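**Student:** Pasting in a structure now, in structure tokens, and then I'll have a few things to ask.
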Amino acid sequence: MHTPTYAPAYLAAELRLPTNGLDYAILGIYFAVVLGIGFAARRSVKTSLDFFLSGRSLPAWITGLAFISANLAATEILGMAANSAQYGAYTVHWYWIGAIPAMVFLGLVMMPFYYGSKVRSVPEFLLLRFDKGAHLLSSILFAFAAILIAGVNLYALAIVVQALLGWPQWVAIVVAGFFVLAYITLGGLSSAIYNEVLQFFVILAALIPIVVLSLKKVGGWDGLTHKLTATHGHDFTTAWGGTGIGHANPLGANWLTIVLGLGFVLSFGYWTTNFAEVQRALSAKNLSAAQRTPLIAAFPKIFIVFLVMIPGLAAAALVPKIGTSGSGLQYNDAIPYLMQELLPNGVLGIAVTGLLAAFMAGMAANVSSFNTVFTTDIWAKYVVKDREDSYYVRFGRLITAIGVLASVGTAFLASSFSNIMSYLQTLFSFFNVPMFVVFIVGMFWKRASMKSGFWGLLAGTTAAMVNYFVLYKKDIIHLPSDQGANFVSAIAGFVAGAVVMVAVSLFTKPKPERELQGLVYGTRSPGLSEPPAPGDAAWYRRPALLGWGAVVLAALCYIPFSF
Amino acid sequence: MSESENTAHRSGHDVQREVEELESKSATAARIFDLRRIIGGLFVLYGIIVTITGITDSQAAIDKAQGVNINLWTGIGMLVLGVFFLVWLKLRPIVPPQETESD
């Protein structure tokens, strides 16, 4: 997961929003449309490929917007606004260096292997490239992590809904769980993806008025930076101020750990190997559309940072004591606080709808990737093999229901043991790092042996955890903050995974070369021989142009924040 | 060659063959509805509701929003987005591929 791990904190009780019938009507319409999409998508599900991967037939603009939406969960929106209220403009790093390069790399370099090899999931790629050890380990860990994150999302939703609307927590958990269960069981991935695209636009409609009005309230961008410089110092509104090695800054990280830890290891791990993201690209209709999925997503990602950072900064300027005991507000309250202060009924209903939609999409992305991995990677490969295809569609629907019930259970558990949950969340976040090592070594080094995948995964995960939970938490090495420790642990996991992979490869047999066709850089994948679709040659659909355009644009965005 | 390598080798080609076979039977491309209709419809509806709210908003609501008639502007914005999707749908409709077999 990409968002800094905030334990879902209790929102201040005085944040109750003055919602009225109009706002609830807007919310009700949305829920009705969500269910309608589920029912309407149902008739498109004929094979298991339709249910789990939309038949590999969706256009790039839909998969691209779903790709960004699956990441734009409410925990991300509230968490990044909180991050901005606490650390200031450093938040841009999570977007411009911590997302764009990895998304472009996924589209330009990795997608031909992912999509071209026709795998249905990220673990399935590991099965083809390495062996069953790596496959089973990654499938099981992913399945657990997906349910856990879905549950944490549901719990965070319950807290926010309780604070803002006054619903009891269990009502919010059951209602949201029911809607997600209904539309994914009915329409499978198509229904999840269609709802994510719809949600993307509702979120924009929710956040833009908040940004405009909060800027107006603090006197525009100049007024905002002026106020913050006076209360928080000059570095608060810059991206790199105070990040020299040896300097102290609130983030607890220097430019090197930001670039390597966040920008390289954590970000590439999340964006290129997290199946909840990659699944959206694998459902695209051809290789060109699959490549363009993360690239189309990169452009909104560059600008979304303003929609979450400006409310966070504005909250810090309006409530200088936010996050301390001197005010009743937590960092997480930044956006709810501005909604309460600034939005009249009507737009308020849109904002509440956007927030709830974002929670449900965050949960749905995890549920729809969980059911795919559990069915195609665990059940159909190790438990009940070689049954007719319709059996696996039925099983997929059943496991979706079980997955949602399990995450509802997780949410209830989280409400009693929220510390354990944030601990588990951190624990699983370290799993993406060695996944990335194994992918990158496996894709670029033919000699990486069959066994090296499993051991690389295990060693990298262990190293990252030991560094975080033993060396940092027990204060054996001193790191200034949780965020800083996160970055360093990621780098440790990456290095350990890579070293173990190389060592194991030197002593075990490589995979025969003919089995590596389409899986390793320098070989051709069978999918590459498919003819391009008409119109894909248009200049604005060329992956290289889109990809490099996004990288250049993100770099340019840094300029005004660098001085 | 050991048995486990044989299995791994088989499964590589199996996956590709299985997915190709399923792709040929897949119904999504032929039967899925056009999402642009839904986005267009919802945003036109939301746009109308929020715009009317803006037109009839009290001074208190406008004062709360820093003197901006935010409902009016948001409503118009949503309406424009909704109309954009409906026009796009009208101008560039998708021709679904023929289903190869009926069931």
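Cβ atoms here come from the backbone N, Cα and C positions, even for glycine.
These numbers come from a predicted model, not from an experiment.
TrEMBL feature annotations, pasted as is:
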TRANSMEM  A:24-41  transmembrane segment
TRANSMEM  A:61-82  transmembrane segment
TRANSMEM  A:136-161  transmembrane segment
TRANSMEM  A:198-215  transmembrane segment
TRANSMEM  A:253-273  transmembrane segment
TRANSMEM  A:294-319  transmembrane segment
TRANSMEM  A:347-374  transmembrane segment
TRANSMEM  A:395-417  transmembrane segment
TRANSMEM  A:423-445  transmembrane segment
TRANSMEM  A:452-472  transmembrane segment
TRANSMEM  A:484-507  transmembrane segment
TRANSMEM  A:544-561  transmembrane segment
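On this model, are these features tucked inside or out on the surface, and what's nearby?
**Tutor:** The list of residues near the transmembrane segment (A:24-41) in space but at least 6 beyond its ends in sequence, with Cβ under 8 angstroms from a Cβ of it, reads 179, 182-188, 190-191, 194-195, 198, 202, 346, 349-350, 352-353, 356-357, 360.
Outside the transmembrane segment (A:198-215) by six or more residues, the chain places 30, 33-34, 37, 65-66, 68-69, 72, 77, 221, 224, 300, 306-308, 310-311, 314-315, 318, 335, 338-339, 342-343, 347, 350-355, 357-358, 360-361 with a CB less than 8 A from a CB of the stretch.
Long-range Cβ contacts of the transmembrane segment (A:452-472) within its own chain (Cβ-Cβ under 8 Å, at least 6 residues beyond either end) map to 126, 129-131, 133-134, 137-138, 426-427, 430-431, 433-435, 437-438, 441-442, 479, 485-486, 488-490, 492-502, 504-505, 508.
Sequence-distant contacts of the transmembrane segment (A:484-507), counting only residues of its own chain at least 6 positions beyond either end whose CB sits under 8 Å from a CB of the stretch, comprise 4-5, 251-253, 257-258, 260-262, 264-266, 269, 426, 429-430, 433-434, 436-438, 441, 445, 447-449, 451-453, 455-465, 467-468, 472.
Same-chain residues lying 6 or more positions outside the transmembrane segment (A:544-561) and placing a CB less than 8 Å from one of its CB atoms are 89, 92, 95-97, 100-101, 103-104, 107-108, 237-240, 292, 295-296, 298-299, 302.
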**Student:** Are the transmembrane segment (A:347-374) and the transmembrane segment (A:253-273) close enough to be called in contact, which here means at least 3 C-beta pairs under 8 A that are separated by 6 or more residues?
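**Tutor:** Taking Cβ pairs at least 6 residues apart, the transmembrane segment (A:253-273) and the transmembrane segment (A:347-374) are not in contact, as fewer than 3 fall under 8 Å.
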**Student:** Using a Cβ cut-off of under 8 Å, list the residues of the same chain at least 6 residues beyond the transmembrane segment (A:61-82) that approach it.
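**Tutor:** That would be 2-4, 6, 8, 91, 94, 152-153, 156-157, 160, 192-194, 196-197, 199-200, 203, 207, 276-277, 280-281, 283-284, 289-290, 292-297, 300-301, 304-305, 308-309, 311-312, 315, 330-332, 334-336, 355-356, 358-359, 361-363, 365.
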**Student:** Below 8 angstroms Cβ to Cβ, which residues of this chain, lying six or more residues outside the transmembrane segment (A:253-273), approach it?
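**Tutor:** Tertiary neighbours of the transmembrane segment (A:253-273) are 1-2, 93-94, 97-99, 101-103, 105-106, 110, 122, 240, 243-247, 294, 432-433, 435-436, 439-440, 481, 483-484, 486-488, 490-491, 493-494.
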